[in-house]
Amino acid sequence: MGLQERLRIKTPKALQQRQLQSQRSTRAKRITRGISTHRTIPSTKTLYLDKLLTISQPYVNELVDPLRTLVLMSSTGTTEIQQIIAAALASKTFAHCNRVEQKLCAVITVERDMRFLPYTLEALFSQTVLPQSIIVADCSGDTLQGQQLTFDVTALGEGTLTAYPQTVPISIEIVPVGQARSFGDAVTKALRNSSTNPATTSLWLLHDDSRPADAQCLEHLLDAYSNTPTAAILGAKQLDWEGTHLHSVGAYASHHDVRSLVVDGEPDQEQYDTRSDVYAVSLAGALIPAHTLPTSRGINSWFSTYFEAEDFCRRLCVAGKRVVVVPQARIAHRRARFEGVRTKDGRPLTTLDATDPSLQVLHAHQKYVFSDLRVWMWPFAWIALLIASIFLGIRALFRKRPLRAGCRLLLPWLALINISGASAARFRIRQQTRVSSSALQNVTADRSQIRQWKSRRRAFEDQRNDTTLNPLVVRHLHKRALIRWSLALVAALIAFGVVAGLFWNEFRVGWSGGSLYSNTLLPTGASFSQLMQAATTPWVFGVGTGVPAPPTPWLFVLALFSLFTGGNVPMALSLMFFAAAPIMVLSFWALAGVATRSDLVRTLISLAWFGLALAFGLFSSANLPMLTVFMFLPAAFAFTFKAVGMYRTEQPVNPRTSVQCAAISALLFMLPVAAEPQLLLALVVIFVAFLIFVRRARMMLALIPFPAVFLLAPTLVNSVRYASIGMWRQLFGSVIVPSAADTGHSSAPSAPFIVMRAFGLTHLDPHMSVRSTDFAALLAVAAFLVLAIIAFIALLRPSLIRPSRIVWTVVLCGLLLSLASSSVVVGLDTSGQISGSVLPGMALVALGLLTAVALMAGASTAQFSQFAKPRAHHSASAVATKSVISVLIAASLAACGLLGFRTAYSNGIGYTTGGLPVIAQDYLSDNPDRRVLALSAHSMTSVEYAVMHTSRGDLVDASAAWRVREAFSHEPTNEDDHIADLSARLLAMADDDALTDLSNMGFGGIYVVVDGSQTSSKQASEQLLANLTSTGSARNIVNSEQGSYFRIISGEATGPQVDTAWQRHAESSPWRIAWLWCLGIITALYLVVSIPRRRVNMEGNES
């Protein structure tokens, strides 16, 4: 049987009743074939017995079977819409239908998301009054050609059934609609392509996600229209999808805007059912009488779905027509696109993947406001909008809504683009205006009404957002918080006490004005202004008379700590060194809390993280960049997990996503990435894994690395621009001076060798006796491997599959990063080319392994109960697992602590108060363009030099980019060679020409360092001092045990100064200025979002 023949099956008259009854079962099978779910057609005699009481029994028997005399649609239609319509018709008896309204057409718009269409059709077919025709506007693109389907309904009538009911045909027309800009545009195009004439037919408009909430919805609308025939449009009460809470009951005009005066989400208690005339109603479920659309020039789709109803009703009101809301007509509206569960092109989304339509909603609202203003007011309104956008954007950031803040800042510029559309909309309004604004006072909300509405809305939001906990829960959470923080502080104090005890001499004198140093960490005597200049200028001041190179990012971290010391940069080094231990313990305490709530495991594992820092030699070598990584990297990952809601909480608090945690995570990632730029390479891969494994808040995740990338922008741009000459290698360097003893030479090692190198076992010889230091390192390596085995077991547990995969991605990325770094040349020393450090990658490996071990410990806390229960015992396996993990963590902590104690002073850590004499420091501080040349003679044929612009050979002048250039001889060395030649000449003889050349280069003084530890060095220093004294161009100013300072006599009044033309050019570069402005703005925005908001509930009581 063909499709059209199957769609129209007419029931014969009463004389053919016997034949119809015999075919009933066969036809029922044909109807439901291909339908996954169907309902048994109820007996009309049972449902409508009250309407059949006055009918004789023969009439009743005759009506039971022939009542459903409609055209049945097959569920095997060619499109999904046809299948949905067929399924809806097959499940209906239409025994409830009182009448079919002539010259009434229901228009339903359908998009690719058809999840709600079956419910809307079912509610439509359940109406006591049915429209004569139904138009389905298919915007999904599935329907290529219009189709018209027909079915018959036998209406019972509204009164007593005294005669045999007549069948009435109802047509369903599926109309393809292409490129609809809005709901109104889809309706207009559907009517244009259909056989319905809107000039003679009333329209009932429905979204596919707006269903009548009861069977009398259309009946109430028609009754209201019969009572108010002058109404140009009749709207319905808008409810949520369940039909219990309000969205709106019409809207009122309010100073170039509309206000519903209904609190969105409040329960429907019929408190607004007395409303009648309003300023605007929603088009969803609206009844538009005939001639309304043609006489009002239709619906303006320029306002989009969000505000086209308001514009349409506004034009009706100013034309003197009535807009009426019928509160008894109830529409359950899902608002799929408004609530983010439907994309802009109509595709479905889940609640977890819901998008924020703030930009579209605010943009449509702005269109409405500007079109309501006179054209001459637009420039003043735009200026006010620009100022207000800044204020409202900042307010949105404080409310943790960064997307809405960005939308607010974008709105003024969108207004400029929309001038032509606003002009056309304004022209259409002026053409239809027939009444003044004073005639619309009854549909205008005054200030007191708006003030009361805002007060009720705030009260409702506070009540809905706040979680009220009973005193028992509050007491439980408060007790747990006290225990957690007490243990965390105790662990932090233990770590601080260990570091202060091991390095007591440095702690005792570290605040007296000197500088911390080691074999690989240069001291500093820079001021805060010099530090900021070095951190923000692509110029290295301490190489020759200055060379262009990207600034060292870690200097921003040093500047941050300098703020806590009042701008004292040398003291900031001591503060960073001794504060590292407690900070890293608290940092990993936060990360361990993501995986487990066991206080014992969190305490031990955070101390184990500190123990690894000792074992890696970070404290013995004063490796401040790696200490920065250990301080802030765990906390950054902890807040990342909290941002996406993947963390354990105290019962009965539930995890939730947090944009504030995402902002804090982004700021924290800036610090370790600035210390070790190579971490950025691994973090990019790790965040891609996060996007794969995490099901929600993916856009928020994608924005977390953004500030760190922008902080490294000069380094990244330089690496990409000069990648052909190997400048990408600077990413694997840091402010630490590379040495073969610490990082080794470039090679292609294996993973075991990487682990051995991290614990300082690169020179272990199996044929020699094992030293105590090597024995402690072997114990630490063994403990590390045991933790790796436990972490691998976590990967096999089904309950930990997602978090364990994420942390093992961190482990693998860290291992690959260590392998890559050990193969990359980052500098030179006397022994040859030096490779990058394996410690940043090993920090990621250790972080991932310890987190996986914490995951194995599980929740480890008893579930909270408000009622007294017998003491519950944990399962034996859970207690055993927790005990074994605790013992193994404690053993690894002991092994790492033993290694750290053995190697505490193996890398030359110390504290120096030396430097240039005070008079030389005053000379340099008077003019930043002055330089002093420091010389140190090691033998009669060897002399070292350093260019001084501060009191010490400075840490702020360290540059990984310069070291890479020097290692591969990519930088011209004429100036350096010339300074080296002049220094050698001064060692060999009393050379006035050499001093003159130094003065011409900008050097105003020479400081000779006296080293009396070796006889050859002492003799060479005496020879150098004698040569300088015997020249006529140098005058001895200061003599001390540490050295002698000579002032070079110059004929210039201001003294010698270096040529700073290229330096000034670098400082005034527009790229530098743009980078600093963007970096400052981005950091400020993230800071605003990260500022905590005060909460009265207990959900934020997590650490």
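Glycine is treated like the rest: Cβ placed from N, Cα and C.
As recorded in TrEMBL:
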- 205-399: domain 'Glycosyltransferase 2-like' (DOMAIN)
- 375-398: transmembrane segment (TRANSMEM)
- 485-504: transmembrane segment (TRANSMEM)
- 571-591: transmembrane segment (TRANSMEM)
- 603-620: transmembrane segment (TRANSMEM)
- 626-645: transmembrane segment (TRANSMEM)
- 679-694: transmembrane segment (TRANSMEM)
- 701-723: transmembrane segment (TRANSMEM)
- 775-795: transmembrane segment (TRANSMEM)
- 807-826: transmembrane segment (TRANSMEM)
- 838-858: transmembrane segment (TRANSMEM)
- 879-901: transmembrane segment (TRANSMEM)
- 1073-1091: transmembrane segment (TRANSMEM)
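By number of Cβ pairs under 8 Å, the transmembrane segment (701-723) is matched best by 1073-1091 from the list 571-591, 838-858, 1073-1091. The highest tally of CB pairs under 8 A with the transmembrane segment (626-645), across 375-398, 679-694, 775-795, is held by 679-694. Only sequence-distant pairs (6 or more apart) were considered; of these, fewer than three Cβ pairs between the transmembrane segment (1073-1091) and the transmembrane segment (807-826) are under 8 A, so the stretches are not in contact.
For the domain 'Glycosyltransferase 2-like' (205-399), the predicted model reports an average pLDDT of 92. Through the fold, the transmembrane segment (807-826) approaches residues 637, 678-679, 681-682, 685-686, 689, 729-730, 732-733, 738, 743-744, 746-749, 751, 754, 757-758, 791, 794-795, 833-838, 840-849, 851-852, 855, 960, 963-964, 967-968 of its own chain, all at least 6 residues removed from its boundaries and within a Cβ separation under 8 Å.
Contact between the transmembrane segment (603-620) and the transmembrane segment (679-694) is absent: fewer than three CB pairs lie under 8 Å, with pairs separated by 6 or more positions in sequence. Non-local neighbours of the transmembrane segment (838-858) in the same chain are 588, 591-592, 594-596, 598, 601-602, 605, 608-609, 612, 616, 618, 623, 626, 629-630, 633-634, 637, 676, 678-679, 682, 743, 754-755, 757-758, 784, 787-788, 790-795, 797, 800, 803-804, 807-811, 813-822, 878, 881-882, 885, 888-889; each lies 6+ residues outside the stretch with a CB under 8 Å from one of its CB atoms. Long-range contacts of the transmembrane segment (485-504) within the same chain: residues 577-578, 580-586, 589, 599, 602-603, 606-607, 610, 614, 619, 897, 900-901, 904, 909, 1103, each at least 6 residues beyond the stretch ends and with a Cβ under 8 Å from a Cβ of the stretch.
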